[in-house]
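Database features (TrEMBL):
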- Arg23: active site (ACT_SITE)
- Asn41: active site (ACT_SITE)
- 8-96: domain 'Acylphosphatase-like' (DOMAIN)
- 207-402: domain 'YrdC-like' (DOMAIN)
Amino acid sequence: MQPTPCSRQRFVVNGRVQGVGFRPFVYRLALDHALSGFVQNTSEGVVIEVQGLEDGIGRFAVDLEKQLPPLAQLTSIQTETLSPHDTPETSFHILSSSGGEGHEVLISPDVATCPECLAELRDPSDPRYQYPFINCTNCGPRYTITRSIPYDRVSTSMACFPLCSRCRAEYEDPLDRRFHAQPNACPHCGPRVWMISATGHAVSDDGPVLAEAARWLARGKILAIKGLGGFHLACLATSETAVARLRQRKHRFGKPLAVMVPDLASAHRIVRINGAEATWLSGIVRPIVVCEKKASTLLAGDIAPDTDSAGVMLPYTPLHHVLLDELRGLLPQGSVPALVMTSGNLSSEPIALGNREARHRLHSIADGFVFHNRDILIRCDDSVVRIHPDTANPVWYRRARGMTPSPVFLPRSGPCVLGTGPALKATLCLTKSDQAFVSQHIGDLENLETYGFYKEIAEHLQHILQVEPQLVVHDLHPDYLSSGFANERPEEVVAVQHHVAHIYSVLAENQCTEPALGLALDGTGLGDDGTLWGGEALHVRPEAASYARLGHFMPVGLPGGEAAILEPWRMARSYLASLGASSPSGRRWPWLDNFAPADGVLGQMLVKGVNVPQTTSCGRLFDAVAGLLGIAERIAYEGQAAIRLEACQDLRVDTGYPCSWIDKEDRCVLNTLELFAAVHRDWQAGEPVGRISRRFHLGLSQGLADWVAALADRSGVRIVGLSGGVFQNITLQRLLVPLLERHGLTVLVHTELPPNDACIALGQAYYGQNLLRCRDVLPQP
């Protein structure tokens, strides 16, 4: 009888395959198919060699792709047929990881507590009952505790916690859910939590620490709580007094505060939730989801005072679960257990990372601190998303915890390029082959603390990806700290205009290599002509790394420069001056009660053109309308005027204001003065603010659609990419996209990154890759 033929196959697997239970999955799969061999984490990916019957290897290869663990994601599988070993392994083994250069694996983002761990957390008979650091291969910290890859315990902040015999047995058992779970721990061998007062006195140590923290919160205290990617500042979200105290101490006025509730049932009591929103709330990412508030909300009124929505999230760490479980038992029947969970930082600074740092920076805000001793290696704020009500696509406001460092996949491979990002809502981006790694939200580069964080992330990303940029791309504005950072580096440096980078980013997300029109609507960015752009129609050719400005909004003055961004009434005054109004005619301008002396000075500035740079900004148009209607004379945070304007719409109105375009020299100019003049007429006539706001949104959307369609017809381009912070306005997206599609245009929008300036770094990097390709650094496809 002939011996059964034996084969040996080698697989090199790349993607999100470390820290997600992939090797245990491979081990079990090999046993199921009676194969010997090994699996090993290496710097080129996860290497698998299997030996056995050809039929068994074939079934193994199929199941390797079809039966992945929940968190695994494959980007490539390379196979190679090897000669069978004369003396094959007696079984299948998991080998220790090997290091080296050229990492091709993806680090998993941090993952919310899985149902199995949550059940154990709440089981009094389980050894990890109420243990705030319970985890397994399907959940728990990843990115924020990882120092380097391959992802092994020695490369994480868990390296200083030796496993006890029970945890080691789980860790070494291939059939256990915690097999090779690098953060595995229990109360005997793992991190611990404790609590102190703001004055440094111990409040509780081990035992009922979180029960005591819940008691403090129930009494209206503010706590700084160390979480997954940094500290939260927490208080009772149903207490008007506690919320007001937190806002006062943090100097955070008006800006919405996020709320954490224990479960979907509690969330349903305070906001309206559709199916897509419920999926995001309860999934593995667990971002803050912006949902419509219920009229009879149980939250404090100052949670999100400017809008009809509220940001809600569910617990994503066992510490949060235990804390909210304890809080639920302390509140009166009928109360909703809800906590404000806002970033633990001083205004404009990065989120606090370590225990000492938090005590130093937050002592004037927090009444007490909940600490633990599992070091956070990488700061990472909560992600924030809104779900588009028509498409169910995510519209990101902030991409961070739970999403970073997942890559954006590019249309083709290219050299490593570093995009250094903008000044506000800063991020960085490094490309590697056909993947773009965009950092988590860093913040506004306006102080040394945030700039220090920015440089840390640049170094960390380059370290874990093991890449060297061939080109560095920065914003055209020379005074941005991100531009300065680029110019201090040794690599070749190029600049690309702000709004061009916006459009390149939405094309990159949608893997678009064809010529496209780009509609970039945001605040301001330095243009090629030295003026401040922000309402731009661009013709972009990615393959040629080129662009042309086809049109823009009607230019108006930005009186006082940056001051006009903080005081929307200045933009209203500027638009009125452009219409020829130097003083009130009929109704008194609403800002004169508070800014009459300043208005006089501003009038002279506009007449003389002193400190009045020209801008085509769409964001400033929204400010001008809000300023004229008296709903935002001075803002406390970016976008506040536009948020109020959108929130006050009367949705019963179905006719918009006129907004046409005119050809002016070599460009097509959207006549936004015509639109503002119509707003002014209705305001003079005493029309309700809600009706005016709705007619403005309708008119702008129709005007934009007709304008872009005309430019598409002239240029022969049928693809339109939408980018810029104005597209966080859900009303504008809902109105504009269908109008463009009715003109036969294919519309590309952001679904992986925010449309605001957080996408700029990706656009810069994609532009850089195309620029290098055009220089024949890469062969043409």
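Any Cβ shown, glycine's included, is placed from N, Cα and C.
DSSP assignment over the domain 'Acylphosphatase-like' (8-96) gives 24 helix, 40 strand, 25 coil. Across the domain 'YrdC-like' (207-402), mean pLDDT in this model comes to 96. In this structure, the CA atom of Arg23 (active site) is 8 Å away from the CA atom of Asn41 (active site).
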